[in-house]
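K.L.:
For reference, the structure I am asking about is given below.
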Amino acid sequence: MGRRRQGPAQPASELPARNACLLPNGSAWLPGWAEPDGNGSAGPQDEQLEPAHISPAIPVIITAVYSVVFVVGLVGNSLVMFVIIRYTKMKTATNIYIFNLALADALVTTTMPFQSTVYLMNSWPFGDVLCKIVISIDYYNMFTSIFTLTMMSVDRYIAVCHPVKALDFRTPLKAKIINICIWLLSSSVGISAIILGGTKVREDVDIIECSLQFPDDDYSWWDLFMKICVFVFAFVIPVLIIIVCYTLMILRLKSVRLLSGSREKDRNLRRITRLVLVVVAVFIICWTPIHIFILVEALGSTSHSTAALSSYYFCIALGYTNSSLNPILYAFLDENFKRCFRDFCFPIKMRMERQSTSRVRNTVQDPAYMRNVDGVNKPV
């Protein structure tokens with residue numbers, strides 16, 4: 001998705017050096033590079049980024065961020081999926097959606113080493129097949145994540161505002177079916193990314209780029225079309241649905257003191273609703289900047305200053321950072337996840353604590369006995 005600038009191609013002597021920060025694509029968010037036409041110009045649709053404006057420190061900083069995202073995101077999301085599979089009590093409708101979100105996040109974190117390498121090497125060294133896979137995973141994550149969060153919000157809305165209907169709708173089986181539908185729907189974009197994604201050798205600057213390969217004649221049209229589709233279907237419409245759901249939920253929670261007839265169930269309902277709200281809010285905070293940046297760039301209103309270009313790449317990094325935040329949110333905000341995480345990470349300690357608690361409970365429940373002179377046990 002490129003931000004390109006019209007103008008004549010640079011002479012070979014003025015082309016950026018091999019160690020200039022070109023940042024060729026390896027992500028659905030990074031721009032491709034314009035291919036000069038036969039007359040040596042960039043063509044009417046080609047606005048090319050100024051590589052010289054990008055500080056060489058940016059790849060190093062972003063690589064460090066991606067390394068943390070890779071470790072925390074892959075381990076954390078894998079642990080979330082394991083906990084939901086391992087413990088029967090965790091197989092609730094909400095947690096089935098959380099599993100889907102963790103799967104999408106875990107997949108996208110596996111692309112971090114490839115993208116970090118691209119930042120450091122200024123070229124895509126992994127070949128055409130991996131290029132297609134990485135870009136496809138990016139688009140799958142983009143759509144499955146926001147679709148899953150939207151369904152989680154709808155699920156919460158039904159649980160809070162329509163508790164009777166929730167008995168039929170909010171089941172683990174139906175949540176699994178909805179997750180499958182989300183992946184099938186996202187495949188319309190993910191498979192397109194596999195088909196269109198590919199590598200292109202840029203001999204003029206000695207790099208290999210990995211990006212969506214649109215027809216050269218209609219590049220600007222297809223580029224703009226893809227950006228608008230992503231902005232509308234992977235951001236605007238889902239966020240509007242989420243806002244409507246939570247607005248109705250807040251009104252309902254304010255108007256009713258007790259939702260379920262039981263204080264304990266009511267506390268759990270509000271706790272889970274709060275967890276989903278925080279996860280959704282963090283997602284929107286992390287992804288809004290890059291979506292806005294892409295939209296403004298598509299309309300040709302972006303600046304080419306160092307600050308603007310630096311902000312652009314850090315907005316991309318912020319979006320990927322979200323994939324490592326969700327497991328941390330679950331650990332802090334949900335007691336069931338926290339308990340299961342502790343049980344997995346410290347099994348011996350948790351087993352000893354349970355045994356100690358069990359002994360204390362038995363001591364309290366069982367009365368002490370004392371043998372009298374007749375040899376009969378009597379409670380003390």
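Residue 1 is the first one shown; counting continues down the chain.
Each residue, glycine too, has its Cβ placed from N, Cα and C.
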K.L.:
So which of Asn39, Asn322 shows up as N-linked glycosylation site in Swiss-Prot?
P.N.:
Asn39
K.L.:
Are Phe341 and Ser55 co-located with respect to the membrane, according to Swiss-Prot's topological domains?
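P.N.:
For Ser55 and Phe341, the topology recorded in Swiss-Prot gives opposite membrane sides.
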K.L.:
Consult Swiss-Prot and report which candidate among Cys21, Cys210, Cys229 shares a disulfide bond with Cys131.
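P.N.:
Recorded disulfide partner of Cys131 in Swiss-Prot: Cys210.
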K.L.:
Between Cys131, Cys210, Cys345, which of the recorded positions has the fewest other CB atoms within 10 angstroms in the structure shown?
P.N.:
Cys345
K.L.:
Count the residues of the topological domain 'Cytoplasmic' (86-95) that DSSP assigns to helix (H, G, I), to strand (E, B) and to coil, and report the three numbers in that order.
P.N.:
7 helix, 0 strand, 3 coil
K.L.:
Using DSSP and three states only, what is Cys210 (disulfide bond)?
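P.N.:
In the DSSP reduction, Cys210 (disulfide bond) maps to strand.
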K.L.:
Would you identify the secondary structure of Cys345 (S-palmitoyl cysteine) according to DSSP, in three states?
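P.N.:
Its secondary structure by DSSP: helix.
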K.L.:
How many of the residues that make up the topological domain 'Cytoplasmic' (155-173) does DSSP mark as helix, as strand and as coil?
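P.N.:
Helix (H, G, I), strand (E, B), coil: 16 helix, 0 strand, 3 coil.
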K.L.:
Against which stretches of its own chain does the topological domain 'Cytoplasmic' (86-95) lie, if we need a Cβ under 8 Å and a gap of at least six residues from its ends?
P.N.:
152, 155-156, 170-172, 174-175, 272, 276, 336-337, 340, 344
